[in-house]
Amino acid sequence: MFETIWKGIFIGLCISAPMGPIGVLVIQRTLNRGKYYGIVTGLGATASDLLYAIITGFGMSFVVNFLQAHQFGFQTFGSIFVFLFGFYLFRSNPVRQLTKKPDMKESYMQDLGTSFALNISNPLIIVLLMALYARFNFINLQTSFLESAVGMLAILIGATVWWFVLTYFVNLFRHKFNLRGLRFVNIITGSIIMALALISLILTLAGDVLL
């Protein structure tokens, strides 16, 4: 059981740590609005990662087969969605965000929802999960339900720890940014996300698989 726990934590770190659109978005929101908004954004991505981990771990082959069969469509839609979100960040003005006074709970839910949608738009995370499961012999048909559930919880813990650590260190530098600096962060963040989306779209159209 202990082996399953540490393997799950490591897998959670592996699927969260790569600095893709979500990682960039977490940094942007932490710098713009604070560490709690960054953490919530990371948790939204973690929720979608956990969903895919459950699908992969409990052998929902019909879902995996469906996602793989429609891989091109999902990748294309996901790339376009990520690009449009990057463009939104590129155009966003931190001054307007400061003048607004939205309900904090509503804002947290919006951040959670957008990061979940961004991450869920790339179902090829299942390919990475299957590779990690096979590499570490994590969960198979002989694994008990209890041990599998503990493994899923360990993945959740590993991913969550990563986002807490990332937002903690990014938040240390937040006070060094003025409004002009935050605007620059939005431009850079949006540009990076749009670039990643374009690369993903090009590779998809070229027939390659982007993990």
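Using N, Cα and C of the backbone, Cβ positions are placed for all residues, glycine too.
A quick note: this is a predicted structure, and the numbers were derived from the prediction, not measured.
Taken verbatim from TrEMBL:
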TRANSMEM  6-27  transmembrane segment
TRANSMEM  39-60  transmembrane segment
TRANSMEM  72-91  transmembrane segment
TRANSMEM  112-136  transmembrane segment
TRANSMEM  148-172  transmembrane segment
TRANSMEM  184-206  transmembrane segment
Two-stretch contact, the transmembrane segment (39-60) and the transmembrane segment (184-206), at least three Cβ pairs under 8 Å: no
Selection from 6-27, 72-91, 184-206, the stretch that has most Cβ pairs under 8 A to the transmembrane segment (148-172): 6-27
